[in-house]
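A.B. asks: Structure below; questions to follow.
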Amino acid sequence: MAASALRGLAVAGGGESSESEDDGWEIGYVDQTSQKLKGQMLPIEEKKEKFKKALTTGDVSLVQELLDSGIISVDATFRYGWTPLMYAASVANAELVRVLLDRGANASFEKDKQTILITACSAHGSEEQILKCVELLLSRNADPNVACRRLMTPIMYAARDGHTQVVALLVAHGAEVNTQDENGYTALTWAARQGRKSIVLKLLELGANKMLQTKDGKLPSEIAKRNKHHEIFSLLSFTLNPLEGKLQQLTKEETICKILTTDSDRENDHIFSSYAAFGDLEVFLHGLGLEHMTDLLKERDITLRHLLTMREDEFTKNGFTSKDQQKILTALKELEVEEIQFGELSEEAKLEISGDEFLNFLLKLNKQCGHLITAVQNIITELPVNSQKIVLEWASPQNFTSVCEELVNNVEDLSEEVCNLKDLIQKLQNERENDPTHIPLREEVSTWNSRILKRTAITVCGFGFLLFICKITFQRK
């Protein structure tokens, strides 16, 4: 008995300095126990390795079998301290995530500030699978605002990797949109940096603040520009204040309005204010979807005025495709007001002027007024009724009001002169009718000429009325 007990102390038979092949360990109680424990440990380690392999390969049935064996816990930790649920989330296996959660896995587990939700949002997989995993974790009360060591939250990872639906889901569960990481990046900044246009649009709709700067003082728009994402740069520069939760882009009419009301081209290399001011060239190209040509044209010192007067060979020389040229030409037609050669009026005013020439002049004048009326109608329709909705940087409204007053005065003068012209023509017509030597013109010609004169007078008066409305509109601003 005593001998047996002594043997249980595992004393080396050959002493501490024994150099025998087996170190002099006696084959007895201790060796038998050690062999027994070794035999038990080996299957556990093998099962753990098999379990990890099943997790990473998505073998759901094997995972369930090993969990049912009771040897491996649902919250067991592997190398680096990861749990089975974290492994499943890292490969975006929604079915495995559901199985583990149903068996009681902790959805709020974290290792070195790395949460399972962050792991799921940054997983390599389809957005559909990632969305399902995130939805499952959120349903088990995973906190969407817990940040990693770099202070990045799940929504930042989702925005960085371009998962639009995941971003929306996180916000719906209380994720903070404007949280900043250690470098001052928000989810919007990450999306702008990586060129995720759909994410940028979604975040702006969800209330992301595009004016939050990084630690080095950069706006999301500037981050996008630095990384050559020019379309996102334009979106972030031309949208309304995103804190209102709305996304509005420049329309064609707003672009035209900007061109008509600006004085000269401006450079945009300064730090942007809350409503970034852009030169005419940038605004014009953006409105036509040609913002990708901005940098090239600016490098060649091509102004908007030069662009609008380019010939076909110049367009080709400067890298414009036929499709781009067509866009610009179409826009020019919409902006074009037909020019009348008023220098010829001195000749037409002579008594030798023919009826056809004079009628042609009246038709041109009438068409000119029609173009002007259409332009004013378009601007009145597109002008925002609320000053908060003004996208572009405007000068003082007093400047616009004073110009409108001058326009109204000019239209009134024009209306008066046209009325004088009408009276003069009517007088001439009456005198000719009373002249016994005059051969009467055909009735239809006389009626048609009278109709043209009436239409011209009505058009001019209508133009004056529209400008009066425009003046009242600006006075309200």
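Glycine is treated like the rest: Cβ placed from N, Cα and C.
If you look up Swiss-Prot, you'll see 274-336 marked as domain 'SAM'. The feature phosphoserine is assigned by Swiss-Prot to SER17, SER18, SER20, with similarity to another entry given as support. What Swiss-Prot records for 46-76 is repeat 'ANK 1'. Taken from Swiss-Prot, the feature repeat 'ANK 2' covers 80-109. Feature annotation from Swiss-Prot assigns repeat 'ANK 3' to 112-146. Annotation comment: Swiss-Prot describes 150-179 as repeat 'ANK 4'. Residues annotated as repeat 'ANK 5' in Swiss-Prot: 183-212. The repeat 'ANK 6' annotation in Swiss-Prot covers 216-245.
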A.B. asks: Who are the chain neighbours of the repeat 'ANK 2' (80-109) in space, where the CB to CB distance is under 8 Å and they lie at least 6 residues beyond its ends?
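C.D. replies: Residues 51-52, 55-56, 58, 60, 63-64, 67, 74, 115-117, 119-120, 123-126, 129-130, 132-133, 136-137, 140-143 contact the repeat 'ANK 2' (80-109) from elsewhere in the chain.
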A.B. asks: Please count the residues of the repeat 'ANK 1' (46-76) that DSSP assigns to helix (H, G, I), strand (E, B) and coil.
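C.D. replies: So the counts come to 21 helix, 0 strand, 10 coil.
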A.B. asks: Residue list, the repeat 'ANK 1' (46-76) vs rest of chain: Cβ under 8 Å, 6 or more residues beyond ends.
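C.D. replies: That would be 83-85, 87-88, 91, 93, 95-96, 99-100, 103-106, 109.
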A.B. asks: DSSP says what for the repeat 'ANK 4' (150-179): how many helix, strand, coil residues?
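C.D. replies: Helix, strand, coil within the repeat 'ANK 4' (150-179): 17 helix, 0 strand, 13 coil.
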